[in-house]
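Notes to accompany the following structure.
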Amino acid sequence: MPPQPWPAPRAGAPLRAEVTVPGSKSLTNRYLLLAALADGPSLVINPLHSRDSRLMLDALAALGCTVEHFPDWENSGVPAVRISPLPAGSGRLDSPHSRRADSPGFAVGDGVEGTEEGTGEGTGELRIDCGLAGTVMRFMPAVAALSGARVHFDGDPEARVRPMGAVQHGLRDLGVEITGPGAPAPGQEGHLPFTVQAPQGITGDQITIDASASSQFVSGLLLAAARMPHGLTLRHVGESVPSLEHVEMTLQVLTEVGVQVSSPAKHTWRVEPGEIPAFSVRVEPDLSNAGPFLCAAAVTGGEVSMRGWPITSTQIGRRWTELLPAFGAEVITEPETATTVTLRVRGAQLRTPGTVDGTAELTPTVAALAALCHEPTRFTSVGHLRGHETDRIAALVAEIRRLGGSAEETEDGFKVTAPVTHGGLVRSYADHRMATFGAVLGLVLEGVEVEDISCTAKTMPDFPQLWAGLLAPVPEARP
């Protein structure tokens, strides 16, 4: 039975709120993967707790990794996980570059510290459920190849149409066997489901791939490259890499944990082989997930503030500080620590910047702003969104039209030519960004309902509660 539509709350007045968002999904899953490949237990503080991150932890556990979960790390009010790395001596991880810590590990329980669950042994045939997580389906195959195990990958029905060929072809060029229904023929696109096995280990160190469909193809291969016997030189050919900010994030994270990485030429990256030292890291808040809350101020003429905004970040969500002013909002930063500020967004009259370029995963939320403007907005360099959780371009055009607006697809994006005028059912397409797109519009339009708000659990399980809190009255300060 399909879930009941979620009535999106309408703001009857300008909003005034403070918001806190959980840790970054993109950073969380990168750190978790690298912790599993490190030379000893590593600590990830403030990780995102969501379906995507749980799928990553489950995948690592299937390969033999163990995790200790702390719901309240050192009474700080934030969670943490300690990852004990994949077993040295399983498959191909028994190289001169690896050793396993002697300390025992734990598997993640349901919020219970020290609870153990069954974990994989790192050998034999294993199954990894990718769900709809691009970071799992595109990051984990290289790790699976390093394990030496035979590992089967599958996911949600929607995940089976997402492109996987660049990772599959790249691993084949490194001597990895890729088989199964989704394994591509030479020169063809691949997809889930498929099976990975490297009985002879990784045998190459140079590959050329076409990553024009997703930057995750580059990141997924680079993240595991330090544990490959000879490292990896990866070159991209084809059209530009979309969401290049996510490749920059991968390079920064690798450098942060002690991996030697360089870019000797444009769209070419080199990772040197070697141990990954055990590390401790705190995950930044998810700036992409902060977007709908910040946009709430812009569309209602209110004020929303968020503490802990990083002064510098590789997250694409950092662009909210330029995108929101482009749509007429005022953005104010107040010093907080040496590395963070409090960000305040004050809404004013919405206006369009005319053209918005390369907004990647922010696009559905930015589209909600554009759909409330009276002048046209053109979105460019976002054609790769057709291969995301759903075809986001087709979905956005359809839902804007459904609510009385005008929009049309273009070769590399879409344009919104007339604003939405009335409420109605906003289809989510099992896509968390489409669900929050509907929530933003619901602040302004009467009668907006969002189909399957539960899909926001992919990156923010508490979204409905946090959104309701956004509309709760803020007590006036006492004189």
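Cβ atoms here come from the backbone N, Cα and C positions, even for glycine.
Those TrEMBL annotations? Automatic predictions, nothing curated.
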Ask   = Given TrEMBL annotates K25, S26, R30, S214, S215, Q216, S243, E361 as 3-phosphoshikimate-binding, which of H191, H267, H388 belongs to that site as well?
value = H388
Query = Any idea of the Cα spread of the 3-phosphoshikimate site, K25, S26, R30, S214, S215, Q216, S243, E361, H388, as a max distance in Å?
reply = 19
Request  = Quick one: of R30, S215, S243, E361, H388, which recorded positions lie within 10 angstroms of R162 (phosphoenolpyruvate binding site), measuring between C-alpha atoms? Sequence order, please.
outcome  = H388
Ask   = What kind of secondary structure is H388 (3-phosphoshikimate binding site) part of, going by DSSP in three states?
value = coil
Task = Find the one among the recorded positions K25, E361, R433 whose C-alpha lies closest to that of S215 (3-phosphoshikimate binding site).
result = E361
Ask   = So how many of the residues in the domain 'Enolpyruvate transferase' (10-68) end up helix, strand or coil by DSSP?
value = 24 helix, 12 strand, 23 coil
